[in-house]
Amino acid sequence: AKMATVSLGFNIDSPRWDQSTFVGRLKHFFNITDPRTVLVPEEELDRAKALVEGCRAGLVPPGSSQEQLLYAKKLYDSAFHPDSGEKMNLIGRMSFQVPGGMAITGCMLQFYRTVPAVVFWQWVNQSFNAFVNYTNRNAASPISLRQIGVAYVTATGAALATAVGLNLYTKRAPPLLARWVPFAAVAAANCVNIPMMRQQEIINGITVTDENNNELGHSRRAAVKGISQVVLSRITMAAPGMIILPIIMERLEKFTFMQRIRVLHGPLQVLLCGGFLLFMVPAACALFPQRCSLALADLEPELRDSIVAKHGDKVPYVYFNKGL
């Protein structure tokens, strides 16, 4: 069969779906958080990067189809950082959120009864989150190893304090409340882990541009807005699985057949978590546009004045990458 050739004016960086709508962003993130891309060999990822960069320079290999270029862009978006173009570590990629998240979340929901189990699984989860948050930061803001260490210890401490404290508090409470403790710990830790891991952005500000990507300066308020949206997205990502699944398991465990197969409760929770995350990872990433905007009036006065002095009223909004 003859391959479809690349149409004139094809721009590999223009989104395939409208990123100003939730449905468009959902399709985009379903595409790039596809867990199957985790299995793609490194050489194929490198070829995809070379193809995307060649296409950006106007050097499309002869005989390339639009489908091939779009698949290369899918692989590129799943594995390379949008700011730096560097290959991201496997564990930190959003495409690893489903396999990694389902295993850890399933175990947190299954092993919630004893303090040592709670401590171990919350520590594993915060280690995983630290990888993800570091990998998906705004790469234009460097962070030192010391700051990474402090962020990791603080977030893990917050998660453990919440989990162990609530675990002891719910000993006499209805069983379902004890099952919800892992979610409370995850939500509390996200509120600490993400801002701490990305503290340089809050301290020094992040690069903001006009709609044509011309750099205008650095804004701390933009960083706060972007990081707040990421925290909300991460909590939303975990919420359905960690709130609804305990209710399902609480009902199921009353059946005789479920009491006979206790050894399978853990694997069952892991599989059900995977089902939730398969939809919730792209849905949570799609809650807010990746290319975030902030009204000129909401910027720091000194940055706003400098933009107005250079551009007058031609820049009503500034834009920045909020990270994931």
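Placed from the backbone N, Cα and C atoms, the Cβ positions cover glycine too.
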Ask   = Looking at 173-191, 230-248, which one does TrEMBL call transmembrane segment?
value = 230-248
Key: Cβ-based contact of the transmembrane segment (230-248) with the transmembrane segment (268-288), 3 or more pairs under 8 Å   = yes
